[in-house]
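*Asks:* Quick one: the structure is below, and I'll ask about it shortly.
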């Protein structure tokens, strides 16, 4: 689960992570009031008005602006709130800005990057720091890897003090700045572990001319599998920032990711789903989604899966690929038949069932009287999808 920048900063602040003072505003008038409050209480020369969407690259897209007065803050908020912001992460459709963060301006001397996430290749959390603040870390890793330090964190002992100091040394900091950076990194790690985050990224981490070390931006992603331990974070979810198909799928506990193709996929198991998508691509098609109905697919989940796939108007054919290990193929076949009778299945549906009770399932489909196209293997299924698309 992703959250907004201001929400992430509120959480980090509770763990002692230094962040600038900021106030969220849902209207231009609220933005003006927030700016007045910051100017009066902090005496800062400028405030920063930042569009709040679940995407990076806001600054380059015009979603981050400076204001020197409450009146200017009002004008900028009028421009931002309600606009569709398009960045390299939003795609061409962009995201609507529904709120802004009004934040005190910083007297920046240096910019860095610091992030903590899970390294799946080593099954350890990894602390990453870079001297290239404000840059995409993937680009830094590819083009100038010498400017990126990765420190593997032992899951038994957690991050040690010497590792935080190593990171601060790598950034070239000294004296008070060094000590502040060590404290910052330590607090960030404690927050990351305590909230069961999948990612805690500060880009940029800034050092001010006064020697302060603060998170100018903050990106927090939660591990969905651990959210049951943090019910206080459920209210932070903003479904307006999520794909509506994915939101609907999550209500039925379906693992769904929308793509930009025209072949709907319903598969049990993530590995088989990815293999199915590859075969569709190799046959000349383009998958419209990733949909894993799970190892215990029931008629209800199959029906919900069909509804979600059919709600995507780009879908021109559907491929159902089920391997019956834990799940019985006849149960899935029953779900397909039931769904087809309830829903207007006006698209060609190619079905490949293998494994437990597959012959029974195939007979059920044959006897159903429905216009379902049977496939004998994955390659055959992908080919029949292409034939169905060509005929439509």
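Note that Cβ sites are derived from N, Cα and C of the backbone, with glycine treated the same way.
Swiss-Prot lists 50, 57, 58, 59, 103, 106, 111 with the feature ATP binding site. The Mg(2+) binding site annotation in Swiss-Prot covers 203, 217 and rests on sequence analysis. The substrate binding site feature in Swiss-Prot is assigned to 268, 325, 326, 327. The domain 'ATP-grasp' annotation in Swiss-Prot covers 9-248.
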*Asks:* Tell me which of the binding-site residues 203, 268, 325 ends up closest to residue 111 (ATP binding site) in space, Cα to Cα.
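*Replies:* Result for residue 111 (ATP binding site): the nearest of the binding-site residues is 203.
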*Asks:* For residue 325 (substrate binding site), what is the tally of other C-beta atoms lying within 10 angstroms of its C-beta?
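*Replies:* Around the Cβ of residue 325 (substrate binding site), 14 other Cβ atoms lie within 10 Å.
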*Asks:* Quick check on the binding-site residues: of 106, 326, 327, whose CB has the lowest count of neighbouring CB atoms inside 10 Å?
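*Replies:* Among the binding-site residues 106, 326, 327, the sparsest Cβ neighbourhood within 10 Å belongs to 326.
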*Asks:* Where's the emptiest Cβ shell within 10 Å among the binding-site residues 203, 268?
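*Replies:* Per-residue Cβ counts within 10 Å for the binding-site residues 203, 268 bottom out at 203.
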*Asks:* Name the one residue among 203, 217, 268, 325, 326 whose Cα is closest in three-dimensional space to that of residue 50 (ATP binding site); these are the binding-site residues.
*Replies:* 217
*Asks:* Near residue 217 (Mg(2+) binding site), which residues of its chain come within a Cβ-Cβ distance under 8 Å, counting only those 6 or more away in sequence?
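*Replies:* In sequence order, the residues whose Cβ lies under 8 Å from that of residue 217 (Mg(2+) binding site) (at least 6 apart) are 5, 202, 203, 204.
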*Asks:* Count, for each of the binding-site residues 103, 111, the other C-beta atoms lying within 10 angstroms of its own C-beta, and report the residue with the smallest count.
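*Replies:* Each of the binding-site residues 103, 111 was scored; lowest Cβ tally within 10 Å is 111.
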